[in-house]
Amino acid sequence: MTAMPRPRGKLTENKVLSDLTWLRVGGPADFLFQPADIEDLSAFQKALPAGIDVFPMGVGSNLIVRDGGLRAVVVRLGRGFNGIEIEGNRVRAGAAALDAHVARKAAAAGVDLTFLRTIPGAIGGAVRMNAGCYGSYIADVFVEATAVTRAGEIVKLTAEDLQFQYRQTDLQHGCVLVEAVLEGPSGNPEDLEARMIDQLTKRDATQPTKERSAGSTFRNPAGFSSTGKSDDVHDLKAWKVIDDAGMRGARVGGAQMSEMHSNFMINADNATASDLENLGEEVRKRVFQNSGIDLQWEIMRIGEPISE
Ligand SMILES: Cc1cc2nc3c(=O)[nH]c(=O)nc-3n(C[C@H](O)[C@H](O)[C@H](O)COP(=O)(O)OP(=O)(O)OC[C@H]3O[C@@H](n4cnc5c(N)ncnc54)[C@H](O)[C@@H]3O)c2cc1C
């Protein structure tokens, strides 16, 4: 066994990840590392043997971790990485700050980042995924980010470095985002608060927000953006082509396509990661047979299947 660095933060061997994902599935990571602060993270990454993979994880709201787990060190940021500071229209948020907290704190200070209010992730995941909602994406408000590279260097990243696209960026493998600066337009705090309440109400009426899900399962199929910005509209809806293929409510084991929103996959009854993934692949197959459309996963699937 390779000798592991001894950080100040918490390093746990063989940590089952199902508790850390919204879908409540996933086998063990070789290690889970919760760094004390940025210097601890940097020193750890520097000292970690080059052959060991690092996977940064937010709150697991866009992930299927496979049942065999992850041969990697999973880095999960917590306290020490969740500060939110506001100066003028600029919001500096730690990567572990929840999107909803950032939206509410910004709104109270008269800065409009309301689109983040209903996205259940944290800021690191939001930047990495170019998260978006209600016609606005992270790419629209992004100023810069701070990250620790796999080699342990602390670097500033610009939009140019990240190359925002629809629900993805070019963040280097093993690079952990620790902070982002976002700049939103001005707004009246009461209006912004009212808008967020309205968004939450709409979302609860149309999406299975009380179920275990990971948001949209597949990308909307049509249109594509080279900028990742909101002026690029995706017309053809994934839920519609899934409905047309008769897959609303379809099940594999404990996994189900939601009756409420057919592009949401839910862990309805003790599903395994393999139930969820097999259901997704069945949906892709049926949609392709029905309409010739090759749906692309939006949920990230990581790790290894369980070995027989
Ligand atoms: C009910 C529900 C509704 C949703 N609605 C939306 C929506 O409207 N719009 C939307 O865009 N998404 C939505 N999502 C998906 C999800 O919330 C977003 O993709 C979110 O940005 C993921 O953040 P996370 O912290 O959970 O990241 P995770 O799921 O933990 O990770 C996702 C990716 O981000 C990377 N990552 C996470 N943190 C870091 C970090 N610190 N440094 C580097 N990389 C990191 C991971 O390596 C992984 O590649 C929804 C999900 C659910 C469950």
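Glycine residues also receive a Cβ, built from the backbone N, Cα and C atoms like all the rest.
Remember, predicted model here, so these are calculated numbers, not experimental data.
Taken straight from TrEMBL:
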ACT_SITE  ARG167  active site
REGION    203-231  region 'Disordered'
COMPBIAS  203-213  compositional bias 'Basic and acidic residues'
COMPBIAS  214-228  compositional bias 'Polar residues'
ACT_SITE  SER216  active site, proton donor
ACT_SITE  GLU298  active site
Cα distance (Å, whole number) from the residue listed as 'active site, proton donor' to GLU298 (active site): 7
Long-range Cβ neighbours of the compositional bias 'Basic and acidic residues' (203-213) (under 8 Å; 6 or more residues past either end): 22-24, 118, 258, 260-261, 264-268
Rounded Cα-Cα span from ARG167 (active site) to SER216 (active site, proton donor), Å: 11
Neighbour tally for SER216 (active site, proton donor), based on other Cβ positions within 10 Å of its Cβ: 20
Active-site residues: ARG167, GLU298 - member with fewest neighbouring CB atoms within 10 Å: GLU298
